[in-house]
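Novice: One structure is given below, represented as structure tokens, and several questions about it will come after.
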Amino acid sequence: MLSLLLLLLLLLSSYTKSVDLEFYLDTPEVIKSWGYPVEVHNVTTKDGFILQLHRIPYGRDSPISSLDDRPRPVIFLQHGFLCSSFDWVANLPHQSAGFVFADAGFDVWLGNFRGNTYSRKHVTLNPDKDREFWNWSWDQISKYDLPAMIGKALEVSGAESLYYTGFSMGTLTMFAKLSVDPSFSRYIKKYFALAPVGTIKYARGVFSFLGRHFGANYQEYVTKYGSDELFGSSWLFKKIVKYTCGLFDTLEELCSDITMLFVGTSSENWNQTRVPVYLAHTPAGSSSNVMAHLDQMFSYGGIPAYDMGEEKNVQKYGQKLPPQYNFTSISDIPIHLFWSEDDWLSTKQDLQETLFTQLNPQVVQGSYQISNYNHLHFIWGTDAVDKIYKRIIDIVSVDGRILKPNPMDFHTVPSPCIPEKTSKKKEEHTKKHCRFGVDKP
């Protein structure tokens, strides 16, 4: 069966239209291909996972020799479930958060949670051989990954605190960390939550359907047989995406429509031609325990720690049921929420039941409802720079931390295309995105 599939992919390859260069590149290579500086840093968590961080220390038009003596404000961007650092550089530079913030004067750090494409390492465990490598949920991500990565960013940059921007599960894990350890807020100057997640009890779309009909069986299976890798990045999946979504415009549209079934139906503010690139990098992998944990939140409501079954719960938590996270303990941190009624995974009902109710009104300094935004628009929307990123820059500028003025219109700021080296794919990329050395608006 596999050989027939490979033969079919080989035959289709001769009919496939060209895909964007980023389809083939990893995150550091994508950053380099647009002419931005990039650094790769590794950090080991207290429980032995080796996480990879990607840094854009300054913008494309601000070489290090031109910087003044003031430290650049550090902004940390954290992806969501089954995602990676690529999410923040997935579009053209004037549309991608990582590049926009770098050009606005930030020292940009992109995190990668354990188990994804860039963080599949451990000091003793082998992800391909040891099931124990995958024995964790988002509880451990919140407890170990966030402090390790943020600590590394602060250590390297020399800053005492940073601006944290999380998306989806990148918000849930930070809320959980701050609720268990309120003192952690001393490292976060401001917290920007995009498509924030408290609970997902009222999720809609395909996730809701799967949770209602298969969630209990899935949880039972994971509890009985243990956790394993979930939707890891693979060459075969990339080939399938390339020779389906990248075959014809109609199939490209179909792939886009299928994606919408998971996150929300609004397809405005969305570059459909980039869908093959998005899917080449997403899903990026996680643990099946995380999916089981999210399904528990959907089934039971609330914000529970991971339910391992009564016997193991008693051993770990000292009680039959897992404890609930309580966000009322979060204090001393300015929080800004960006959300949408058209988001099927972070719904208004869920926000009203958790974040809007539990968060102290004094810490919520901004709540911004964005119309016609599904879950993925917050990171991949072509107009997210206007609706979200500029707002964040304006808020930070009040602190006097921005080194250069906020560009009046990121959509019209020209930026040269600087291919890293000449190749056929690079030349195709340059022809497609550049005209006389300047990005197309």
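The backbone N, Cα and C atoms fix where each Cβ goes, and this holds for glycine too.
Those TrEMBL annotations? Automatic predictions, nothing curated.
What TrEMBL shows for this protein is this:
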type	residues	note
ACT_SITE	Ser168	active site, nucleophile
ACT_SITE	Asp343	active site, charge relay system
ACT_SITE	His375	active site, charge relay system
COMPBIAS	421-441	compositional bias 'Basic and acidic residues'
DOMAIN	28-92	domain 'Partial AB-hydrolase lipase'
REGION	414-441	region 'Disordered'
SIGNAL	1-18	signal peptide
Novice: Need the DSSP three-state call for Asp343 (active site, charge relay system) to compare against my parser.
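Specialist: SS state of Asp343 (active site, charge relay system) = coil.
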Novice: Have a look around His375 (active site, charge relay system) and count the other CB atoms within 10 A of its CB, chains all included.
Specialist: 29
Novice: Tally of helix, strand and coil residues over the domain 'Partial AB-hydrolase lipase' (28-92) according to DSSP?
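Specialist: Per DSSP, the residues of the domain 'Partial AB-hydrolase lipase' (28-92) fall into 14 helix, 19 strand, 32 coil.
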Novice: Looking at the domain 'Partial AB-hydrolase lipase' (28-92) alone, can you tell me the average pLDDT?
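Specialist: When the pLDDT values over the domain 'Partial AB-hydrolase lipase' (28-92) are averaged, the result is 90.
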Novice: Measuring Cα to Cα, tell me the gap between Ser168 (active site, nucleophile) and His375 (active site, charge relay system) in whole angstrom.
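Specialist: Answer for this pair: 8 Å between alpha carbons.
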Novice: Give me the count of other Cβ atoms within 10 A of the Cβ belonging to Ser168 (active site, nucleophile).
Specialist: 28
Novice: State the count of C-beta atoms found within 10 angstroms of the C-beta of Asp343 (active site, charge relay system), not counting that atom itself.
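Specialist: Result for Asp343 (active site, charge relay system): 27 neighbouring Cβ atoms inside 10 Å.
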Novice: Taking the Cα atoms as reference points, how far is His375 (active site, charge relay system) from Asp343 (active site, charge relay system) in Å?
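Specialist: For His375 (active site, charge relay system) versus Asp343 (active site, charge relay system), the Cα atoms are 5 Å apart.
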